[in-house]
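Student: Sharing a structure below in structure tokens format, with a few things to ask.
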Amino acid sequence: LVSTLISAALSDIPPAHPCKVAHHTDRHTYADLIVRRGQVFMMTLWFNRTLQTGDNLAFVTEIGPAPSETHHTKAIFNLSEAGASGWTAVQGPSESSYMNFSISSPANAVIGRYKLSLQITSGNKVSSKFLGHFVLLFNPWCSGDDVHIANEDARQEYVLDENGIIFIGNANYIEARGWYYGQFQDDILNICLTMLDLSLYRRQDPVTDMFRRGDPKYVGRVISSMINGNDNDNGVLEGSWNDNFAEHENPSRWNGSVVILRKWRQENYKPVQYGQCWVFAGVMCTVMRCLGIPTRLISNFNSAHDADGNLSIDKYYDSAGKSLNIGRDSSWDYHVWNEAWFSRRDLGTPYSGWQVLDSTPQEQSKGIFQCGPASVRAIKEGDVDLDYDTLFVFTEVNADCNQWIVYKDGTRKKVYCDTERIGKAISTKAVGSNSRVDVTNNYKYPEGSHKEREVYKKACAKARGSNLTERLSEVPNEGSSETVRKPEVSGVFKLVEPPVFGKDINLILILTNLSSEYKPVKVNLSASTILLILSKYVCISEKQIQLKISYAQYEKSLTDDKKILVTALCEVMHTLEGKMLVVKTITLETPTIFIKVLTPVVKTQPFALQVVIANHLYEPVAECVLTVEGSRLLEEQLKQIFYMKPQERTSITFQIIPFKSGQRQLQVNFKSNKFRDLKGYKTLMVAPSSGF
């Protein structure tokens, strides 16, 4: 019978094929059949003669370098028999020349690229015929799959949506940036599967690696290690956090994952230069959604990087209030990571749901730059002893922030402990819209509450009582947050008006005497970017000190992030109170790109797009380059080069012919000699052409 088998329908399947539609894989353009585990798929075999009495059919699935039934990477299953492997095959309505079969995989099957064969037994003779390849993915629509998510809107958002929003900036000035995931673009699935094959896990133990690919927590951890290239593992991206990118790509210029993944493949899997946190997270989201794991991006504002594992961030200043580069602890205006949705059979049901995965290379975990999956529930409850890297993520959102003064003789004095600064406005994109959703309460109890302090102390106790990390050093005592004397003088910086790049910055330092006596205070003011240092003596009940930072002072020294750190070191004279530090980070606002659609947007019909940007500087802006791009909207990038006079408002209109219908994201980028990589985006709904 094998010699008379003509063909099996496993390749060159059109996107609209009922099987692809039923498995939600119809957006993939991959040549082979793509199905999801735990769900039936149909297959037809054509013969040039009928099946003979006594002929028994069985199917064989194989995956990986050494398929075996022991490791669940090989299954042999007869018709209408539920074997131990969990794979089944049932014959459907058939004719003499062909046979229809319904094949189903177990809901925990290994995902990846399979080989399918037909095995025929006639008496004592056993023969087989290779039928073709198919790809098996995770299945959020299947209740038995660990990645099952019950809400259909959530599945559409976290698995099928190719467009996303990343929130950046700072807690007081949150910006939205568009990102194109493109998980269904040509060759992306193949690149994602290759990524798994290149990992260190695969190199160290190919058989076990393949066997474990049915577990989403394992797959997520492997991918978190492969998005960065820090382990000489052919990872996708190399990170860079300085302003010198040479001839390589400034991370701010990336608008999506597809071009990065294709560049990685084209350059023989050499890390692409360069990425930063939102780029790592954007690319990881593409890979996870492509493989079928519900995934979203999370932005944590005032995010801590606790390098020594003591649940606190220590910042050092000299006696004039200037920030010192001491220690490895740091905090970021924002940090972006991923959450993936799956059950945690290893931890128990309460810890299932959203899991943190972070591919930005910050610290090694088990000797590799990888992070997670850490249960969001475990983070909130302070269960920092649970796998994986829960302690590290806990400190990112809930570390205490200690401020130290370092004197000329090298002695250090802790002057303040801020228990509420870290982990603000933790954000993600809303389901079905571009709105921002605050998910801070998923990660911790309200700051300042008794429960939040209780959880922090619990985390400290767990960290002291277990060997959680190779870098674990001194963990603070439970009372450490209260070891600093409450100051009798308080201070805060206030901006007179919103800070705008190109204009002077006016601040007021408001000092308040919390006691009943006058307090003589020495104030040292400094601004980090421009090394501005001022000193004042004041006697206060309440005092307002004005500070002006001119455009001429900061223009030449400002970095790409457009940030200025202003500090006031306030020393209460003739008392034991010592010193108080007031700190404010100012992020300068840059021009907004306005995007307006002037005519209806219909597939294959031109529409007009207007882009407006204003130069608010009192000087010209040269080398202006405006680019417009959008996957499935434009075949290639549109570009306009121009010059802007002082205070000039520029309007440019583009004609665009979309070639795909449905919801699309248009991205606009502007750069010049004064402004680097300003971004805007517009979500469009492309109507189908009336002719089709």
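Numbers here mean position along the shown chain, with the first residue as 1.
Glycine residues also receive a Cβ, built from the backbone N, Cα and C atoms like all the rest.
Pulled these from TrEMBL:
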DOMAIN    269-361  domain 'Transglutaminase-like'
ACT_SITE  Cys277  active site
ACT_SITE  His335  active site
ACT_SITE  Asp358  active site
BINDING   Asn398, Asp400, Glu447, Glu452  Ca(2+) binding site
Student: From the Cα of His335 (active site) across to the Cα of Glu447 (Ca(2+) binding site), what is the distance in angstrom?
Tutor: 19
Student: What mean pLDDT score does the domain 'Transglutaminase-like' (269-361) have in the model?
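Tutor: That stretch averages a pLDDT of 93.
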Student: List which of the recorded positions Cys277, Asn398, Asp400, Glu452 have their Cα within 10 Å of the Cα of His335 (active site), in sequence order.
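Tutor: For His335 (active site), the recorded positions whose Cα atoms are within 10 Å come to Cys277.
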Student: Within 10 Å of Asp358 (active site) by C-alpha distance: pick out those among the recorded positions Cys277, Asn398, Asp400, and say none if nothing qualifies.
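Tutor: Qualifying among Cys277, Asn398, Asp400: Cys277.
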Student: Cα-Cα, whole number of Å: Asn398 (Ca(2+) binding site) versus Cys277 (active site)?
Tutor: 19
Student: For Cys277, His335, Asn398, Asp400, Glu447, listed as recorded positions, tell me which one has the smallest number of other Cβ atoms within 10 Å.
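Tutor: Fewest other Cβ atoms within 10 Å, among the recorded positions Cys277, His335, Asn398, Asp400, Glu447, is found for Glu447.
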Student: Within 10 Å of each Cβ, count the other Cβ atoms and name the one among the recorded positions Asp358, Glu452 with the highest count.
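Tutor: Checking each of Asp358, Glu452, the winner is Asp358.
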Student: So how many of the residues in the domain 'Transglutaminase-like' (269-361) end up helix, strand or coil by DSSP?
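Tutor: In the domain 'Transglutaminase-like' (269-361), the DSSP-based counts are 18 helix, 42 strand, 33 coil.
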Student: Compute the centroid of the Cβ atoms of Asn398, Asp400, Glu447, Glu452, then list the same-chain residues not in that set whose Cβ lies within 8 Å of it, in sequence order, for the Ca(2+) site.
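Tutor: Nearby residues not in the site list: Ala399, Thr419, Glu420, Ile422, Gly423, Lys444, Arg453, Tyr456.
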